[in-house]
Amino acid sequence: MAPNRRGGPLTRSSSGNTPTKRTKATPKASETSSAVHDNDLSVISKKEIEDRGAGTDEDTDTYVDLPFLRGEKRVFFTAVIFLTRLNVPRWAEADHHPAYLMRSMMHFPFLGLCVGIWAAVWLEAAAVLWTPFVAAAASTLAGVWITGAFHEDGLADSLDAFGGGWGRLQILRIMTDTRVGTYALVGMILVMGMKLKSLEVLQSLSQSDITISTFLPSLSLSPASVALLVAHTVSRWTVLPLIYSCHYIQDEQSAKRGLYNWFADSQRLLTLPRLCLGTLVTILVPVLLLPVEQAMSVFLVVVLVTLGASYYGNLIIGGVIGDFLGATIQVCELCVYLLLSADLKQTQTNPFPLVMLAATAVLPILTSRPLIDFGFRAEC
């Protein structure tokens, strides 16, 4: 999951500790490895990507341990510049240092909530002037803009890779290709279309159809706005357990292998307390904004998506990688919209459609082909 905006260079830390220099793990791309794209002007060359660096000038194996408040300040703003297009002040001392980025994942659900608030403001404002569909489109556009289509890019790359790749190495090669293929094009049209239609349905609900929150009954928000707040929060939580429990793939053939491998080496910095704090925020938002029954349904969907992503990622490519995590966030967000906009009352008398839908979603995962690359094994 590569950052969508390169942070400014970080000045030398005022700490007395002098960081040890990291051995350069990213050799220059050879002519042989980059020959495929040398004459293709539509693709960013491997050397160009490598020359961009890792978005940090602290080329160390670990991070300089800052005082608690100063360190946590940097951790938080690292998450801000990683997940959004927002600029941060120089005193934040934030860049894309993988060690701080790994620790910052505890803030992903909270920043997801902030993105949801931003999208909900656009939704409510546009709904005054236009139809529910236009309001949903404006809200989606606002969300895509503030995140730089970060997770949408991961979903598009994953659709092309898993759709067109026939083995682990081929999947990883396609995933790093900057071009958009048929699987990505068709898949993104369907996903964005379902998002827009779900939000339109929620925005079109009459006042009598709105289910009031158990804990905040006086909160005056449209169902679509509540769905945005909940979906953006819980979907970003999926990254935490996947990073905490799964093998992060170190792709030696990728132009960004230096950053990714460094990122994988920092996995241990996402500790259990940080995972729990991120989970607490994730639980609070649905509980406060939704009835208990709907909140429990949302939790169930999020857990199922996370387990499915863990199983599928380990089965096919032997772990997780940035684009795959972004795709998981998008799938989870869509599932929450579909859940909250569904007419579940119909299933009380006839549960067959719900059973068929669940089987349709589960069977492709359970029957997926295992790793094709002989001799490769990864633990999760």
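Each residue, glycine too, has its Cβ placed from N, Cα and C.
Listed features, source TrEMBL:
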type     : residues : note
REGION   : 1-40     : region 'Disordered'
TRANSMEM : 105-123  : transmembrane segment
TRANSMEM : 129-150  : transmembrane segment
TRANSMEM : 180-196  : transmembrane segment
TRANSMEM : 269-289  : transmembrane segment
TRANSMEM : 295-313  : transmembrane segment
TRANSMEM : 352-372  : transmembrane segment
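Recorded stretches compared: 105-123, 180-196, 269-289; the one with the most Cβ pairs under 8 Å to the transmembrane segment (129-150) is 105-123.
Sequence-distant contacts of the transmembrane segment (180-196) (same chain, at least 6 residues past either end, Cβ-Cβ under 8 Å): 133, 136-137, 140, 152, 155-157, 159-160, 162-164, 174, 330, 333-334, 337-338.
Sequence-distant contacts of the transmembrane segment (269-289) (same chain, at least 6 residues past either end, Cβ-Cβ under 8 Å): 99, 102-103, 105-110, 113, 213, 215-216, 219, 221, 226, 229-230, 233-234, 237, 240-241, 243-244, 295, 298-299, 302.
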